[in-house]
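Undergrad: Have a look at the structure that comes next, please.
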Amino acid sequence: MPTMLPLWLLASLLAVSQTLPFEQKGFWDFTLDDGLPMLNDEEASGAETTSGVPDLDSLTPTFSAMCPFGCHCHLRVVQCSDLGLKAVPKEISPDTTLLDLQNNDISELRRDDFKGLQHLYALVLVNNKISKIHEKAFGPLRKLQKLYISKNHLVEIPPNLPSSLVELRIHDNRIRKVPKGVFSGLRHMNCIEMGGNPLENSGFEPGAFDGLKLNYLRISEAKLTGIPKDLPETLNELHLDHNRIQAIELEDLLRYSKLYRLGLGHNQIRMIENGSLSFLPTLRELHLDNNKLSKVPSGLPDLKLLQVVYLHTNNITKVGVNDFCPVGFGVKRAYYNGISLFNNPVPYWEVQPATFRCVTDRLAIQFGNYK
């Protein structure tokens, strides 16, 4: 049974200025399935706390007497989750900044459902039955930055998304196509989670992501058979795990030179063409676990910033002394702090100790044929 989010978690979103320009400090943890995600505190995601925020009480008037029946209202947060609602409730305070409608039975967003909510910053519609959205439903939401509409029945990206939007979470719907222009005008958008949709490579129209300057994109648990070649070149994190990708060809990653985290775990990758990884000079974390690789990918020693490599649960039978570290002494590179090779048919007792000469600590190596 879904768990109601505590008000202190919802209220924490209010520590964001509505008058200052948005500055992305980090990404939310999109591995969580339900409700509002917690901030990811991993260094690789750069999560930091927000500072220098003005008091929201001084920005807008208070309408504390207005609260929809059955909902909980506090500090401009209106929480109406788990109420069996069939529609967006009326009489929502105009100064509301976070509206939580998750875990209900809402099937449609109508034209005037959000009328007057010009201060809304975050809208949570996770786990409803939404299949229809009026083309002007989001029109009043001029300051909306976070839209969570995962686990619904959508067959397309909602039309006319607010130009102020920064994060869109739309995974676990029924979307098969991302047409050109659907993200037009979203110049502030930097984070999209759209996994769990039956998306194939052919479902992305050429230019579908034109104009976006995304930092984070996740298209996991879909039906991709290759790495899409037309994603934003600004990406720092790209997660394509749990797809049907079989190979990484030479120029598949040419466009994504700014990546520092690449997730390709749980695919069917048998081959990584020599030179493919050379297009990722800033890569720090590479996930290739649960694939069908028979050897360690070539080019890892040349990635000067690489620190974490997941290669467990593959078909690797041999690990060479120069598979991970540069040849010679004094060659500058970042030290690894994590290499996983377990659950591979490699005779680990034959691997030379010098293979891991550029690893910070022996405990950073996960080896052996265990799960």
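Numbers run from 1 along the shown chain.
Note that Cβ sites are derived from N, Cα and C of the backbone, with glycine treated the same way.
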Undergrad: Taking TrEMBL as the reference, Cys67 is linked by a disulphide to which residue in Cys73, Cys80?
TA: Cys73
Undergrad: In TrEMBL, Cys358 is listed as disulfide-bonded to which of the following: Cys191, Cys325?
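TA: Among Cys191, Cys325, the record in TrEMBL lists Cys325 as the disulfide partner of Cys358.
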Undergrad: For Cys80 (disulfide bond), which of the listed disulfide-bonded residues (Cys73, Cys325, Cys358) have their CA atom within 10 A of its CA?
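TA: If one measures from the Cα of Cys80 (disulfide bond), the disulfide-bonded residues that come within 10 Å are Cys73.
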Undergrad: If I take every residue in the domain 'LRRNT' (66-98) and average their pLDDT values, what number comes out?
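TA: Its mean pLDDT is 94.
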Undergrad: Between Cys71 (disulfide bond) and Cys325 (disulfide bond), what C-alpha distance do you get in Å?
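TA: Distance between the two Cα atoms comes out at 58 Å.
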Undergrad: What does the structure give for the C-alpha distance between Cys67 (disulfide bond) and Cys325 (disulfide bond)? Integer Å is fine.
TA: 61
Undergrad: How many other Cβ atoms sit within 10 Å of the Cβ of Cys358 (disulfide bond)?
TA: 17
